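Features of the protein shown, as given by TrEMBL:
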type   : residues : note
DOMAIN : 106-164  : domain 'COS'
DOMAIN : 172-267  : domain 'Fibronectin type-III'
DOMAIN : 315-489  : domain 'B30.2/SPRY'
Amino acid sequence: SFFLLQSQLSQALNGLSDRAKEAKEFLVQLRNMVQQIQENSVEFEACLVAQCDALIDALNRRKAQLLSRVNKEHEHKLKVVRDQISHCTVKLRQTTGLMEYCLEVIKENDPSGFLQISDALIRRVHLTEDQWGKGTLTPRMTTDFDLNLDNAPLLQSIHQLDFVQMKVSSPVPAPPILQLEECCTHNNSATLSWKQPPLSTVQVEGYILELDDGNGGQFREVYVGKETMCTVDGLHFNSTYSARVKAFNKTGVSPYSKTLVLQTSEDTQSEEQTLPFPVPLERSQLRRMSPFSSTLNLQPSFPGRSYFELRSSAHQLSLHSSLQSLNSAGEPIAWFSFDPASAHADIIFSNDNLTVTCNSYDDRVVLGKTGFSKGLHYWELSIDRYDNHPDPAFGVARIDVLKDAMLGKDDKAWAMYVDNNRSWFMHNNSHTNRTEGGITKGATVGVLLDLTRRTLTFSINEDQQGPVAFENLEGLFFPAVSLNRNVQV
């Protein structure tokens, strides 16, 4: 009996032990779920923020377009009223003159002389009175702006913006494949391309591209969207970056692709080059640089065209004397040309995109190809042609700056505009620091962007123009110019 009870207890313990083992495994599963929920939450929030930011960007672009229409209506109303003021002033002056002359004639005591001109004067008075007929003293323009913004449907859509219930039955996408033959680096920019695996039938709603900080640090999201190719500007020179991409749909996020190692240009004073991926690790020496910029410019590119012009530049840059030491100290020189891809359609390019003018009398904007987010940068622009005293503008801008207005009209550009006598600084349509001294044909405009001190300074013919133009600059900036058909730089 004793041994029988002992055997029964042992068997019962074995069963309980199995349950305890299963419970431990279940707890591990639950803890893994906690970790997965946290990771999925971060990824989901990132996607949500990206989608909302895209809507905000679209709304800001539409706001700029609507403000442009209001400004055009404003100018039209002013022109009509000013033309009517001018016309009415001339007629009033003529009428007043005729009245004064008639009063002098009435005072004349010579009846014979009066009789000779009275009929003609009476006819002229009647004719002048008829010219002030109906409608002449009525304003041709109303002061009201007959523009009513119909924002009710958009507000309703915003209030109805909500999550669509995810279909759990749909699988997550497979890891994307980086297309090595279409990936390249140029100066401090990198272009990456990827695709879904062959025969994959799972629907993909977008991709998340991540880069580390160029110094072996944590990965950061630099692009979220539907494109399968992305150019990232504003990276550090002579740095080694790691890149990876993953896909997502309503069900979830795929695993990461394989990680690529890429190297930005070391010193482009020599021939500009394209580096194939991947760079072997034994050739990729990490070099500590300034901190990674949190503001990266994201430019979707498209298969079938070369995003960069890869060439050797024969043009030399005349650096300001105070910056000569930078070159001798071994700092990298970033050769760049003007960028047709982001310029206004009215801009005319020549001389391997190193020279620009415009076919419009209105100001149009063109950017340089290379963006800067850290360090000290200086470049010069030569005035090849300057007719009829226009006021071109020079400075820096974000990639999405307005292209159909003078540089500095919006909050995406920091500029100096200058004529043949004086200059002004302008940002967000605010004009400051009028300074005597202008430009002529053959003049040189220098732009000094110091992102260590976060300042922007201008010079004309190597003499500083005015005080420090702008301070507290932060983010990614592209060299920028606005000009019309009377200027070539």
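Any Cβ shown, glycine's included, is placed from N, Cα and C.
Looking just at the domain 'COS' (106-164), the mean pLDDT is 84.
The residues of the domain 'COS' (106-164), classed with DSSP into helix (H, G, I), strand (E, B) and coil, number 32 helix, 0 strand, 27 coil.
Look at the domain 'Fibronectin type-III' (172-267): DSSP puts its residues at 3 helix, 43 strand, 50 coil.
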